[in-house]
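Just below is one structure, and these are the notes that go with it.
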């Protein structure tokens, strides 16, 4: 990992400090601290993944954004374990807010913005090893701020113990901060990673959250009758400040490696053939569809004129589509979509 530049990226100018109430105050060093955490998370994940793969290494591209900001894109390809994967870090700022942000938070209009985050997608070679996604981010626009993120698992073959392990590890990280975090954000994850045009879940979920700030609301979306909306209404508002939520996000980020690596180690040696490989490529097509149609990070990146190669690094190197494909009844492939991907309480 020594070839990776660890020079700290510069914090943007004109950092607004909010002084309205103790619970909603933005620390003076909020941008520096959030940015540093995202960089460190990228470093830790890349180091561990290289050690696990044992063959391939991450290639880094450092890029700059003309409107303000820069980042580090790291891609691993043709490895022993990982066919392709990427771990991105970025910190961007500017005066023009993208439409995707204004649609959700119109009160941010008129303010310069700052956004930093780390995102990751790994596409393993072996179909028995699940694809995994992680994203944690922080956003500021004048007095408006929030954290978002999560991690989710997309298996191609059903292993209950893997799903339980992944969810339990994330739940443990959440429970340290609030026992209502996991049940709320698990439901939100099931809602978010859903392909409406296919009426299918993308995977077995994990946790997902967005717009987490001092307002106290755990679920911040327009739906009022979904499972997560109803659950969040029962929970009510949760008193938190910037430091509370930042600590929670750090715990979630640090839970990724113990949540995912044991699964890879259990499954990477299982033998597979053309049938399993073809099904993996077919299901990867669903991943492509979600990321290009629904993913907020993709939309935000393209609307803010981010680096296109970095934004689309989440896509797999190979995928396939087959007209009106139907898996054989009773097969492991049929079990995945008919049974295993249906939302449930894993822990």
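Glycine too: its Cβ is placed from the backbone N, Cα and C atoms.
Annotated features in Swiss-Prot:
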{"type": "BINDING", "residues": "119, 135, 136, 137, 305, 306, 307, 308, 309, 310", "note": "substrate binding site"}
{"type": "COMPBIAS", "residues": "7-31", "note": "compositional bias 'Polar residues'"}
{"type": "REGION", "residues": "1-31", "note": "region 'Disordered'"}
{"type": "SITE", "residues": "197", "note": "site 'Important for dimerization'"}
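When each of the recorded positions 197, 305, 307 is scored by how many other Cβ atoms sit within 10 Å of its Cβ, 197 comes out lowest. In this view, the densest Cβ surroundings among the binding-site residues 119, 309 belong to 119, judged by other Cβ atoms lying within 10 Å. The C-beta environment of residue 136 (substrate binding site), restricted to residues of the same chain at least 6 apart in sequence and closer than 8 Å, consists of 38, 41, 117, 118, 147, 148, 149, 150, 249, 252, 253. Take 119, 135, 136, 137, 305, 306, 307, 308, 309, 310, the residues named in the record as contacts for substrate: the widest Cα to Cα gap among them comes to 20 Å. Note: the Cα of residue 305 (substrate binding site) and the Cα of residue 197 (site 'Important for dimerization') are spaced 27 Å from each other.
For the pair formed by residue 119 (substrate binding site) and residue 197 (site 'Important for dimerization'), distance between Cα atoms is given as 25 Å, rounded to the nearest Å.
With respect to their backbone Cα atoms, residue 309 (substrate binding site) and residue 197 (site 'Important for dimerization') stand 26 Å from each other. DSSP assigns residue 119 (substrate binding site) to a strand segment in the three-state reduction.
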